[in-house]
Each structure stands twice: as C-alpha cells, then as structure tokens.
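Colleague: Dumping what Swiss-Prot says about this protein:
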BINDING   Gly14, Gly15, Gly16, His17, Ala18, Gly19  FAD binding site
BINDING   274-288  NAD(+) binding site
Amino acid sequence: MTSLREMFDVVVIGGGHAGTEAAAAAARMGARTALLTHRRDRIGEMSCNPAIGGIGKGHLVREIDALDGVMGRAADAACIHFKMLNRSKGPAVWGPRAQADRGLYRAAVQALLAAQDGLTILEGEAADLELTADGALAAVITGAGGRIACRAAVLTTGTFLRGVLHFGERTEEGGRVGDAASNALSARLRGLGLALGRLKTGTPARLDRRSIDWEALPEDRGEAEPAPFSLLTGRIANPQISCRISETTPETHAIINANLHRSAVYGGRIDGAGPRYCPSIEDKVVRFAERPRHQVFLEPEGLEDETVYPNGISTSLPEEVQEAFIRTMPGLSRAVLLRPGYAVEYDYVDPRELTHALALKKVPGLFLAGQINGTTGYEEAGAQGLLAGVNAALVAAGRSMVTVRRHEGYIGVLVDDLVTRGVSEPYRMFTSRAEHRLSLRADNADLRLTPRGLDWGCVGPARQAAFAALAAAVATVRDGGAGSEQAAAIVAADRLYEGYLTRQESEIRARAKDDAVLIPPDFDFSVVGGLSAEIRARLERVRPETLGVAGRLEGMTPAALGALFAALRRPRPLAA
C-alpha cells in the first residue's frame, strides 16, 4: 500500500467498467492517478453478459472511443460475434453490438491500463473518506488503515456497496461471486448525509458447452464483416462464431410458477427495484403469463472457453430449480450448470446529489460514476466513468469542470436524465431517450466529440492523427470528391436527415438560451412567487445549475419556469 507521505492527484475506487475509464481518462489528462481495486486480476471483468454495445448502448461505446476511452478498443480486441442491430431502420438508430471473449476483453483492458503513463494500480478496499475542515475530499482511507492523499477521487463501486447475493433462499454478502461487499464505504456515504437507495440486478446460470445439443438448435449467425467500435482499429482479427437459439416451454413455466415462493424477489427477500428492460425469467413468466415461450440465446463466452451464457433467463431461484427448468428447454435436456444464476442487491446514491460534471454537490472533489448512480450496463458505466475521470483531473489541476450537453452526445443525455430526474429503477440507455438522435449517430461520434476531447486534453496523439484523417476525408466527400467508406457513410446519413437537422439546429439554439441562464448554488427558491409546493420542493432537492436544467425537471410547467426566470433577473440583495 502507498506510504502516508505519497500523494496522488486522483484516486479511482473500483476496477470495473466505470473505474477503468475514469482512471485511464484522468491519467490521459496528465493527473497522477491511482486505481484502487479489491483484486488486480479482476480489472475489466464482464460480470454479467459477454457483450458490448446494442441499441443506444453502442452509441455510448462510440462516444467513449471518440474521447480516447478504453471500451471500444477492448471490445474490438475481444469481438467474436458482431451484429448491427436495427439495420432495417434509419442509420440514426443503428446499434453496433459485439459479443466478446471474456478473457480477451479482460486482458485487453488490463493491457491498455498497463500501457497508460501516470497510472498506478493498488490492491485494497476503500473503507473511509477523509475530508478537510471545509468538507472537501482530502484522502481515501483503506481497510488496512492506509491513507492515500489526493486532490480528487471517483467512486465507481458497481454493485459492491452493501452488496448481498441471493441464491434462492440462501444469501451471502458480496458484490459478485468471489468478491467481498463494501460495507464500510456505504456507511460513510450515509454519514455524509447523502440520499441512498437500494436496487437489484441479476445474472443467469452458466452452462457447460459440452452438455448442450447444438445440432438440435437453430443457428444465430453474426455479420461476416464485423464493424469495429474504435477509430483506431483497422479490422477485427478474431475468428467469428455463431450462437444458437433455444426457448422456454410451458413445462419450463410450470416449474418456475411452482417455485416462485423460493425466488428471492417473489419470496420477499429483496426490496430493491430491478431493471425493467432486463427482467428475470420469473418476471417474464409472471408479467407475460399469456406467452407460452421466451427466446433464450446461447452465447459462448470465449473461443477457448467451455462456458455458455444463456441470455434471457436471469434468475434468483435455487440452483436445483434452475437446473430443472433449464433442462426443459430444447437442446438443454442434459445441460450441466457450471455456476447458478443469482440476484445481487446493492446501495446506490440518488444521482440528483450530483452536478452535470458528476461531482457530488456536498463533497467538493468527490465524483461518482456507474451503478452507484443508479444505472445498469457496462456502456452506461463506462461513459460516466470517462466524464468523471476527466473532471476529477481538472479539479486536481485547479481547472474548471466540463459537461456534455444533451444535443452533443448520448453521454449528455445519460447524465442529464440522471441528475435532473433521478431513478426509481436501474437506468438503461435507449435511442428513444435522445430527442436529437438524428444528429447523435454512432457513425459521427468522432466528429461530434473528439474536438471536445482535444480541448479538454484527454485525446492522445494517435487518435488525434486518425481523427484528422477522418475529418479530411469527410470534407472531401462533402465537396464531391472520393473518400473512405466510413466518410461516405457519414455524409450520406447527414444528407438523408438534412431537413430534419436544420430544424433541429434552431431548437438547439433556443434551448441554449435557457442553458446559459445560471442559477446560483445558494439561490433561495422560496422568493419565487407562483410555484407549487411540489415544484419548489423539487427545485430545492435537485438545485439545478441552469434554467434549462430546471425546465427539464419532472412536473415543471411553462408558467413556473417563467416565474423562476423573472426571479433570477431581479437583483439579489447584498449580504448583510
């Protein structure tokens, strides 16, 4: 462990998808960065499904890559099955998705971090936070009693905050199988007066590839020419594999229904809300009782790995029940479970405690990213981690923090939704959440965000050169010349949506006027006449940074927004 005299600019707590992006981003910004994690060998672990991207999620990966992040390059290095989802629709909502070899992905992330100058990896548990007399962050205290002094820190604790694993009627503490929970840190956050809640997620059993009757199942092929996520990847080098498709049956549902009382969720042992768009098989059977079957995609977890991920049957039923219902599905009558599925319940911090820079309002110098903010998914976590890491480095250097606005990227949509509306269930990104999705395409992420990254200082020379070449090629195609296939696709999409984009630009300019009206951090909302008690309470709770953010709060009316604008224009009384 680091000595008491050693000082870092930024400490990142947690080595998952948010933590790796935060640590790498802070180090790229020139900050002397430490990544503190329970186990170095688990950095970059894909704890649930072996895939990166999807509808909305793929856009986030492309944006992470445009800002020189890790996820896109690691996904390309590990891709073994690729699909462009939504291809039958317009290019604005195409969703690149890569199934990954878990081992290759983890190795790629660890290699990218090892090659990053200015980044030190430390093993240990963060147990406490030391604050200055003014309430700002001063140091991270480890479970072993070590003190890591820092100017800023990023908490990326995933499902580890007071995490509890549920295997049917059996429970045990942990953030995931094989890793301990972070109980002391959760207690510390409560002690800081932060609003914490409880959420849950789950994962299915893992199956032995050798016990599956593959020939009895229809094949699910990927695309012959997988498209890389990263601008820095020439082509995907890995062999591409096929998946297979099974399905639940009426017999499957009968077994599940007969054992619902033994499920951790339906047995009343879990209080936290689960992800609406990734329900457990118990939820599917109960909520969609009229459906006799549900598809299950059998996804190999690696080229040399005998483990198979059965996508679609996340569960918290006891292991023997899981084995029984799985063996009622086509091709799985002799299936062997390598590990049972389980649910994990964990603490999260109400994201309305944060600014748009992902900084805690109550603790200067402390940032939060990932599932601790109420999101679900690797991609959502990585996007938050990158932004938080950039801002932690800026704070450590005494510079102003930065944000991404809704019309600039899905990262901006994600953060704005979190900090203005909060969450009551794990938040997942979809293209439908972005009102400017025609211009926020996966194909143009580099053109949208790499210039921002260059201004911030988080983009390295290799990406800068690749971006310059892409921008030049796009300009050539727009002028009628010949360019790369990638540049031609970007220009074609722009022309397809040209009329809509022109109209959208005027809407963005109008919204920018509200976003330019700042609300002082200590503004007294009680002086604003005409506000309902509900709206006033929500303003006090969220304390929006601008008039534009206030206008996006749930329940805000045009009349209330006008009253707030009028109050902001009045001169503020001088302090006595």
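Residue positions begin at 1 at the first shown residue.
Cβ coordinates are placed from backbone N, Cα and C, and glycine is handled just like the others.
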Colleague: Can you give me the Cα-Cα distance between Ala18 (FAD binding site) and Gly274 (NAD(+) binding site) in Å, rounded to a whole number?
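Modeller: Just about 20 Å between their Cα atoms.
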Colleague: To the nearest whole angstrom, state the Cα distance for the pair Phe288 (NAD(+) binding site) and Gly16 (FAD binding site).
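Modeller: Cα to Cα, Phe288 (NAD(+) binding site) and Gly16 (FAD binding site) are separated by 33 Å.
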Colleague: Just name the most isolated of the binding-site residues Gly15, Gly274, going by other Cβ atoms within 10 Å of its Cβ.
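Modeller: Relative to the other binding-site residues in Gly15, Gly274, Gly274 has the fewest Cβ atoms within 10 Å.
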Colleague: What same-chain residues, at least 6 away in sequence, bring their CB to under 8 Å of the CB of Gly16 (FAD binding site)?
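Modeller: Residues satisfying the criterion: Gly44, Glu45, Ser47, Thr156, Gly158, Gly370, Ala381.
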Colleague: Closest to Cys278 (NAD(+) binding site): which of the binding-site residues Gly14, Gly15, His17, Gly19, going by Cα position?
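Modeller: So, spelling it out, the nearest of the binding-site residues is His17.
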Colleague: Run through the Cβ atoms and count how many others sit within 10 Å of the one on Arg276 (NAD(+) binding site).
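Modeller: Here the count is 13.
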Colleague: List only the single closest residue to Arg276 (NAD(+) binding site), chosen from the binding-site residues Gly14, Gly15, His17, Gly19 by CA-CA distance.
Modeller: His17
Colleague: In terms of DSSP three-state secondary structure, what is the assignment for Gly16 (FAD binding site)?
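Modeller: The three-state answer is coil.
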Colleague: Long-range neighbours only, meaning 6 or more apart in sequence with Cβ under 8 Å: which ones does Gly14 (FAD binding site) have?
Modeller: Leu36, Thr37, Leu155, Thr156, Thr157, Gly158, Phe160, Gly370
